[in-house]
Amino acid sequence: MRQTKTGILLANLGTPDAPTPEAVKRYLKQFLSDRRVVDTPRPLWWPLLRGVILPLRSPRVAKLYQSIWMDGGSPLMVYSREQQQGLAARLPDTPVALGMSYGSPSLESAVDELLASDVDHIVVLPLYPQYSCSTVGAVWDELGRILARKRRIPGISFIRDYADDGAYIDALAKSARESFARHGEPDLLLLSYHGIPQRYADEGDDYPQRCRDTTRELVSALGLPPEKVMMTFQSRFGREPWLTPYTDETLKMLGEKGTGHIQVMCPGFAADCLETLEEIAEQNREIFLEAGGKKYAYIPALNATPEHIDMMLKLTAPYR
């Protein structure tokens, strides 16, 4: 009997190819055209997207990307490649491909790369610790579209999420402890997750619960009293209500109340990106300090740390 050959597909959101208005516009157009991300009826959404959002946001967002761009590209791409290489180094007989929902390398190019390596089973690991229809669901949808065009369909193992996985929680806890050792233990640890529209949760997306699961397990692992930890949601977009409390408003309130020392971690981001390095580490830091806060530190994402690679090994092990 022929032995199954397995490959691993690491999936993430994506990034512009360059910190220019043109590249950002291409990326945002693809991202904001996905019904999993914005489900506004298309006759209403297309004119708004093409006539208002893309022309206005692309130059502004490009400037933000310029402030965090690295020699090897956007931080998300640099760290994602390091994750791919780190996992591949630990699994020399298992092909590991990287694919993005938007931009390049695409999910289709990752599937093609694995099929070219003659795999007949693919383990798909979306690097979103907490399931949401707008992230993990988008990977699932695109994977279905890709495979619908193939004559040869491999076996698929799809890891839905890992919000309360022990190796993931241990990696987060180690990162937090290292930050506490470097900056001192904070008055408050703020756990900021990417937001989604409240309506998505009302319609059945269990993302808020999965965020609560991560928070509960991390607080337990750190041994912190509940009053020293807060959970908030960032990066809201548009006018409809999103999950609350909002990170920026909470930081302003905490600064005004006289909270002295805050450290912020973003457990939902597997790799540092615009939303962590610019929005959290810079914009929200200014909000807190200008409101009266004294000390603010951002705890980096897990990126390609050995603990993060260990977690990927453990998550994929049952399917290899």
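Cβ coordinates come from backbone N, Cα and C, glycine included.
As written in Swiss-Prot, here are the features:
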BINDING   H194, E275  Fe cation binding site
Item to check | Same chain, 6+ residues apart, C-beta under 8 Å of the C-beta of H194 (Fe cation binding site), given in sequence order | outcome: F233, Q234, S235, C266, G268, F269, E275
Checklist entry - Tell me, how many other CB atoms lie within 10 A of the CB of E275 (Fe cation binding site), whichever protein chain they belong to? => result 18
